[in-house]
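Note sheet for the following structure.
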Amino acid sequence: MKKSCIYPGTFDPITNGHLDVIIRATKIFDKVIVAVAKSDSKQPMFAHEKRIEMAKEAVCELKNVSVLGFDNLLVDFAKSHGINTVIRGLRAVSDFEYELQIGYANAALWDEFETVYLMPSLNNAFISSSIVRSVLRHDGDVSNLVPAKILKNLKA
């Protein structure tokens, strides 16, 4: 039986930390869907379509990974794809507290819903999209924070 998972996020932009978690997920699951949330409430730096495009570029060499956008409840997106497992990355205890609440809420919406938590490698544990956006706003170098394939998208 093939097992698939969804790795949801805003990916504003996708980072080396995200890519690390995606690669780890491919070692556990036969298929990984990177689900790029529209997330208008977060006021993203990059448009939804641009974030989808960057995610596709970042994972293009991973054969069992696909990228899709979504703008509905994660549980509904998962059901529509026949997948009941999501991957979430954890960098710190603060991530765990937030992700645990979200995981419980999703399970309350669909009792077959499972959340698997993965940690990025130590050298990527500090990276977040928020840090990348902050560095970008100050014209800093993010080449060690994001996949090389998307750097051209981040240049003003």
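Placement of Cβ uses the backbone N, Cα and C atoms for every residue, glycine included.
The ATP binding site annotation in Swiss-Prot covers Thr10, Phe11, His18, Gly89, Leu90, Arg91, Glu99, Asn124, Ala125, Phe126, Ile127, Ser128, Ser129, Ser130, and the record cites sequence analysis as its basis. The annotation substrate binding site is assigned in Swiss-Prot to Thr10, Lys42, Leu74, Arg88. The site 'Transition state stabilizer' feature in Swiss-Prot is assigned to His18; the stated evidence is sequence analysis.
Checking Cα-Cα distances from Arg88 (substrate binding site) against the binding-site residues (Thr10, Glu99, Ala125, Ile127, Ser129) with a 10 Å cut-off leaves Glu99, in sequence order. In this record, ATP is bound by Thr10, Phe11, His18, Gly89, Leu90, Arg91, Glu99, Asn124, Ala125, Phe126, Ile127, Ser128, Ser129, Ser130; the longest C-alpha to C-alpha distance in that set is 18 Å. Of the candidate binding-site residues, Thr10, Ala125, Ile127, the one lying closest to Leu74 (substrate binding site) when CA atoms are compared is Thr10.
Shown are the binding-site residues Lys42, Arg88; the one with the most C-beta atoms within 10 angstroms of its own C-beta is Arg88.
Using Lys42 (substrate binding site) as the reference Cα, a 10 A cut-off selects Thr10 from the binding-site residues Thr10, His18, Leu90, Glu99. Sequence-distant neighbours of Ala125 (ATP binding site): residues of the same chain at least 6 apart with a C-beta under 8 Å from its C-beta are Gly17, Arg91, Ala92, Met119. Of the binding-site residues Thr10, Ser129, Ser129 has the largest number of other Cβ atoms within 10 Å of its own Cβ.
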